[in-house]
Amino acid sequence: MPEQSNDYRVVVFGAGGVGKSSLVLRFVKGTFRDTYIPTIEDTYRQVISCDKSVCTLQITDTTGSHQFPAMQRLSISKGHAFILVFSVTSKQSLEELGPIYKLIVQIKGSVEDIPVMLVGNKCDETQREVDTREAQAVAQEWKCAFMETSAKMNYNVKELFQELLTLETRRNMSLNIDGKRSGKQKRTDRVKGKCTLM
């Protein structure tokens, strides 16, 4: 499907095995898979409300491998918002996000007006290598938001994408999370007076 000019592009980065695909699939399809299948690059679409009209939230799930730097640079140049995922069970996965963050700053010039979320996934696991305060300190240094999630337990997954749109100050964004495409009437909640979950 070709990109539309009104697509809002979110790019998900992180090391292999941190749960990027699991977070995206949990959000878009409501499913979770236990088996690890490496991703080269997948794109998912979700209809959202944007500036009182309809646009498409396009989520690009990138490879955890460093074998495709040209794809990384292209994803960053086209991206409107970024989710940087690490596993709380792997300090190395947090450290590997540093060069990606620097590349985003290099390509975009500044991240002050760009929504960036640092996400500690697998927070349901007991064998942690990254303390919450440590990750919060990194997020503060990078001037980005931070959230812990569990794709497996469906903890903070919807909230992650809602918060990302809340951080978008250039447009008034609303997120349709109903994914079932049924004829049922959708309930609307106001979140922080700016974005709407439908």
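The backbone N, Cα and C atoms fix where each Cβ goes, glycine too.
Here Swiss-Prot gives motif 'Effector region' for one range in the set 36-44, 54-62, 117-125, 162-170: that range is 36-44. Across the motif 'Effector region' (36-44), the prediction's mean pLDDT works out to 67. Cβ contacts within 10 Å of SER21 (GTP binding site), excluding its own Cβ and spanning all protein chains shown: 23.
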